[in-house]
Amino acid sequence: MAATGTEAKDLTNHHNDCFVQLSNPHIATMKEDVLYHFNLSTSTHDFPAMFGDVKFVCVGGSPSRMSTFIRYVAAELGLDHPGKEYPNICAGTDRYAMYKVGPVLSVSHGMGIPSIGIMLHELIKMLYHARCSNITIIRIGTSGGIGLEPGSVVITQQAVDECFKPEFEQIVLGKRVVRSTSLDTQLVQELMQCASDLDEFPTVVGNTMCTLDFYEGQGRLDGALCSYTEKDKQAYLRAAHAAGVRNIEMEASLFATMCSACGLRAAVVCVTLLDRLQGDQINTPHDVLVEYQQRPQRLVGHFIKKSLGRA
């Protein structure tokens, strides 16, 4: 059912004329800003012309997944046609991939906090130079669930660290800096409503634990190093569940921190590939995993359509 004019307005105009902010006074003094890992520069590219109409930014780990997503969104918005190509805007580098259709930008971020951090610094600066406003940015990805059946989608209520605290710690000039990992609560509600609209797969709102490592950092028993028992692991995961954690991944905390600091309405939507209380290794058939990975894309695609009044 199509969204009413009022609903569409509510979804897109929460922060009317809310421009991307930079928490860095030095950028204003630079004659040129080189986004090295994107192979883009303010002196060689017209950012407002290229990206000024962007309203939705979706980021995810792999280039292939984000290429698939932009084609999916193009079809959903009626912007696709036979033979249409979606070139990689960052084709001059092999670090990240970026695709665009209409008001939607799709960008890969690699794996882990260091990789997504580099990408976000340059992405946010790019949106700033393009004078973009009223941006909604959503990370779509995969994760390990805690107490959820595989294939469940988790909309992150709060990103937490390995001690279940809603904060991100970074060492800056040798000093410990701790920042909040808050996300947009209204956006969480809107996405959950979209999940109810679709009613295609189990979706929950819960905390997401962000770790710096895939193996010991997430309590796995199958890495090259392991200094704890199955009992220790189970106690830790059950404590996480008691603290509201429903999934584990490796990017949400920094994503939330940076987006919040720069005035971006942000959310994290991840599918669970397994229940970590039941095991550590992913042995689900490939075709099933592919369908699981499409679930966040379908949810976010529906959100974008509804926001634009095309659902």
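Keep in mind that glycine also has a Cβ here, set from the backbone N, Cα and C atoms.
Features as listed in TrEMBL:
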- Arg95, Arg139, Ile140, Gly141, Thr142: phosphate binding site (BINDING)
- Gln218, Arg220: substrate binding site (BINDING)
- 55-305: domain 'Nucleoside phosphorylase' (DOMAIN)
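Counting other C-beta atoms within 10 Å of each candidate's C-beta, the binding-site residues Arg95, Arg139 are led by Arg139. The two recorded residues, Arg95 (phosphate binding site) and Arg220 (substrate binding site), show a Cα separation of 28 Å. In the predicted model, the domain 'Nucleoside phosphorylase' (55-305) has a mean pLDDT of 97.
Cα of Arg139 (phosphate binding site) to Cα of Arg220 (substrate binding site): a span of 24 Å. Its Cβ placed at the centre, Thr142 (phosphate binding site) has 21 other Cβ atoms within 10 Å. The number of other CB atoms found within 10 A of the CB of Gln218 (substrate binding site), across every protein chain shown, is 23. One residue stands out among the binding-site residues Ile140, Gly141, Arg220 for having the most other Cβ atoms within 10 Å of its Cβ: Ile140. Taking CA atoms as the reference points, Gln218 (substrate binding site) and Gly141 (phosphate binding site) are 17 Å apart.
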